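Undergrad: TrEMBL lists E473 with the feature active site, proton acceptor. Annotation comment: TrEMBL describes T182, G223 as FAD binding site. TrEMBL lists 332-487 with the feature domain 'Acyl-CoA oxidase C-alpha1'. The feature domain 'Acyl-CoA oxidase C-terminal' is assigned by TrEMBL to 533-677.
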Amino acid sequence: MNPNQTVEDESQPSITAMTRRIQRLSIHLTPLPLFQPSPQLNMLTCAKANKLEFDKGSLSSYMRGKYRESQEKVLEFFKSRPYLQTPIEISMNEHRELCMRQLMALVREAKIKPFRYIVEDPAKYFAIAEAVGNIDISLGIKLGVHCSLWGGSVLNLGTKKHRDKYFDGIDNLDYLGCFAMTELHHGELCFHCGLQTIATFDRITDEFIIDTPNDGAIKWWIGNAAVHGKFATVFAKLILTTHDSKGDSDMGVHGFIVPIRDLKTHQTLPGIEIHDCGHKIGLNGVDNGALRFCSVRIPRDNLLNRFGDVSRDGKYTSSLPTINKRFAAMLGELVGGRVGLASSSVGFLKIAVTIAVRYSLLRQQFGPPKQPEVSILDYQSHQHKLMPMLASTYAFHFATRDLVDKYSEIKKTHNEQLVGDVHALSAGLKSYVTSYTAKSLSTCREACGGHGYAAVNRLGSLRNDHDIFQTFEGDNTVLLQQVAGDLLKQYKDKFQGGPLSVTWNYLRESMNTYLSQPNPVTARWESADHLRDPKFQLDAFRYRTSRLLQSAVARLRKHSKTHGSFGAWNRCLNHLLTLAESFIESVILAKFIEAVQNCPDASSRAALKLVCDLYALDRIWNDIGTYRNVDYVAPNKAKAIHKLTEYLSFQVRNIAGELVDAFDLPPYVTRAPLAMKSEAYAQYTQLVGF
Ligand SMILES: Cc1cc2nc3c(=O)[nH]c(=O)nc-3n(C[C@H](O)[C@H](O)[C@H](O)COP(=O)(O)OP(=O)(O)OC[C@H]3O[C@@H](n4cnc5c(N)ncnc54)[C@H](O)[C@@H]3O)c2cc1C
């Protein structure tokens, strides 16, 4: 007992404790009160010098997507309904049910129709998906599985008869669905080599029979399957029985619509066994399940027949001659999911960077002797952790926005050249951005010290929920290999005079320049003007990519003679991954430079230029060994790059508060107490019951 407590107080502790507990729970359930954006924190001590002044409003409106109002509508809807907000402490089953209620409310009450937007305006769909993910990442993924994966497979792999039959049910959530590709023994991207589920055509009954031939073929991790899904697009090998000496013919993997639960009773349908994949380290609002099929019969019409069809008499037709071509066409139609993951991942990075930067400006620790403490963002080590990350967030913003625009364009125009570009870019950006964000979420947690570990500050849930972005919709290591494969194909095409994709156009003009010996004079240039020249920066990125590409070709040729193509690829795998990352970095930089040049307001342009220079030089410095090895950069230039990078990092620190404000994230999105600027501590003490 507290020695100062009086006798009367003794009857009170339980009431006080109860009141405090209720207060605490209500804070968890009801969002923290929203503050009007407070004036920028005062710049502290050493960071005042040479602060770049810029018009934050103009930068915000340049960054602000065209669909900000639609996003705000989503956020307002949830903000005004506390019972639909995900509390911090919640069990898996409650979380799943809440997520389902959130999705229903979004579509049926708020009348927001994400599935419709996939068809009418894909960019709007991605914006809505990002906002929904800001409510709860589980909700964003549940929506993505239903609309983009299940709905997208019906739209893109099916034909008119499928759209006519399923569109309304998918749109209004009556037909909640799953996308069942992964099997226990094989992940999403090796389905051409390993998927075992079979769909055998029965000519007598005009049906397909879906079977799981062994335990390794059980569909695993399938989102919406454990509890809520009514249908699944099941990926299976299409088998035609010829009843002659030829035996069965495997026509390759196709998608089939399989009802899994009764539309009225919600009972699992005969022949289907569903199990729950259980508690996960994140995304527990999504009900992932495992599906086994035992002679499940579905009508022939349920084959998603855009790339291959079976007639009533069992004849197979396709405009694409080989299993591999059909596989590639099918995969190509499923890139939308990756575009969405890349753009949402940048959204989460913005939230984490905003929380970490705002808190780091506010938090003060040791200063010079007998002088006031300094903001922790004044420590060089802290700047090194957060400022290149802030610059990367800006860089990724523009690169993913361009990807979304390109994706929307191919959906409208079906421009073949652009389609190839979007495939490689979506694989590359999804893997590069999600890997970067995953690491950064940990860094942001650490940059906020102990308070970063409090669940209410969101960094833990962001980190755990986002982590799997690196794996699903194609494991990042596997996707980067697709990018490398595409680059090798482009390289071959170039030397055979074929067309190059839009993003690779620079090879046409300058491959030879990039591959010639570095110029010993420019290798010594070290002035800030030169190092901050976008031409120097982009040339350096592209030089590295071109060299990696050329040396990969030479190594693959050499090894394939003795080890065959698989062995050669495997011996060069790390090299190929570095090549893919280098390429993606050059694409990101090119888009950032373009965005700086197109920015209409001069002061915002200057701020963006500063951030872009930091992005470019930090990357060059990170890989300085490569540049030094080939004398692209002489020792004096390497030193100058390092010094300038530190200087730019310091300059960006001076405007870091404004730069995160310019992301223009609504307060509801950054609702962690640590992101509340000067009110952070008040929020925090209130939260623990003071
Ligand atoms: C929460 C969650 C939700 C999911 N939702 C769905 C869903 O709705 N529908 C669906 O169909 N699937 C879903 N998945 C499955 C997901 O797509 C797969 O987990 C993913 O494709 C990776 O496959 P895998 O798990 O078999 O990993 P593996 O492919 O076995 O990978 C394991 C490790 O091996 C490495 N590796 C694998 N192949 C190579 C290679 N060729 N070269 C170098 N390294 C390699 C990978 O980098 C990885 O580190 C989900 C998974 C999770 C966890």
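Yeah, the Cβs are placed from backbone N, Cα and C, and that goes for glycine too.
Predicted automatically and left uncurated, TrEMBL annotations should be read as such.
Walk me through the surroundings of each of these features.
TA: Under the three-state DSSP scheme, E473 (active site, proton acceptor) falls in the coil class.
Taking a C-beta cut-off of under 8 angstroms and a sequence separation of 6 or more, G223 (FAD binding site) has the following same-chain neighbours: I141, K142, V145, L149, C178, F179, V286, D287, N288.
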Undergrad: Just counting, how many other CB atoms are there within 10 A of the CB of E473 (active site, proton acceptor)?
TA: 29
Undergrad: What Cα-Cα separation, expressed in whole Å, is found between E473 (active site, proton acceptor) and T182 (FAD binding site)?
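TA: Taking the Cα atoms only, E473 (active site, proton acceptor) lies 10 Å from T182 (FAD binding site).
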Undergrad: If you count Cβ atoms within 10 Å of the Cβ of T182 (FAD binding site), leaving out that atom itself, what do you get?
TA: 21
